[in-house]
């Protein structure tokens, strides 16, 4: 794959795409995925439902539940480092207040997320906690308002336990790009959790919180979900308000969610989705109760997905994708067939063009959005003699920061990660280059949309890996940005097309103590989250021989 600023040669020669080809899927797998045999298998259960039932029945108190999660967080956080800020005292106070309301007989006032501890990615604004975006330039910043998604969670009774770590301003795929700390993967603490929402994914995987919010600009919810063995949902663009989300690329950014089960993820989406007058791009379409549409295992028919048309994207199983990942995805496709689906391979010829187009568009929008961090409007200000020096020194001092990961004695200078994208975007938008880069990237975006639209007219869902590999070692790709960019090839096209996508754990590959999880990405038509969640819920309940509980918890 050529670097983003060289892709105009490839785009110039591209005129018309052929109709996507399709052929019957054949389940042939020469490589077996590695099961986590040391953990007892079983269908994922809803933590949210369990908490609500135990509170209303009087079996447990909110204070007990909060204490349990905070205790686990304190035990695991030194090795995982999911959180930049933990609001443990506030969480305990909110739990005690909830117990008082329940004890006084005000059970009708208990919201659907009462007693549920939620982690919030630190690029979503919160009134009573720092909101840094993972950058030193916003160190200590406390917004005067909650992001709409956060406000809706609080109104539903959720307890925000803290702010989770991320790559600076969401620019990265490993969470090594945080200016504060390096988050590790609960399945193997020598590996990355993915990014940029790696803190939110690892927090749910390590059961430090029940669910969490993330953001997805090019795969930042789905890739960490795959690496950490949790469920991750990227909604349709406009399904969830972006008000209060620190902008990276405004036409691509989406607020997403993580859970340890599809049911929990569906419950969170029902709460945070919906039109918001503070975000003109938010959709006014009605929001269904997604969780109520999910069918439990004991009520499923023998072929619960009978007639479902599934297209497995051919370009996602070829060169550059680990054989163990391919094996896991093919096994998952075979499982969907056993559930009654018709699975066929489908070719999307525009698929490989999405990655370079994405990085031109995202970098261009970032160069505009991040201009506000100048020490005057936002960000820590450095003293200087004139305005231009204030701008330059404040940005130089605040963007990027050296972090030591002591376990491997690795030092990271993160300054190039953000500054490189700002410079790339400024270059792509500059006079004389706009048509060659930005305009052509927008044309490719249209081709990608049309390609997906054609495929989804013939299939109910499309499936692919969420990433070309399982979690890799910390430090392995930090100094090779092109290799890191290439890891986003499975996910960026979905953002370009504005489509919803769900990632559910589907298997394991060799690595770590008990194997490393692999996620299956399901892609649907706009606003078809309900169908994706239904299919994901059935898949999750019927998959055999896997339990996606990391050894970090099994050992304790």
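Just so it is clear, glycine is given a Cβ too, placed from its N, Cα and C backbone atoms.
Annotations in TrEMBL come from automatic prediction, not curation.
For reference, TrEMBL has these:
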ACT_SITE  121  active site, charge relay system
ACT_SITE  196  active site, charge relay system
ACT_SITE  220  active site, acyl-ester intermediate
DOMAIN    64-533  domain 'Amidase'
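Shown on the structure are the features that TrEMBL records.
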residue	record	Cβ within 10 Å
121	active site, charge relay system	35
196	active site, charge relay system	33
220	active site, acyl-ester intermediate	36
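Annotated pair residue 121 (active site, charge relay system) and residue 220 (active site, acyl-ester intermediate), C-alpha to C-alpha distance, rounded: 11 Å. Taking CA atoms as the reference points, residue 196 (active site, charge relay system) and residue 220 (active site, acyl-ester intermediate) are 5 Å apart. For the domain 'Amidase' (64-533), the predicted model reports an average pLDDT of 93.
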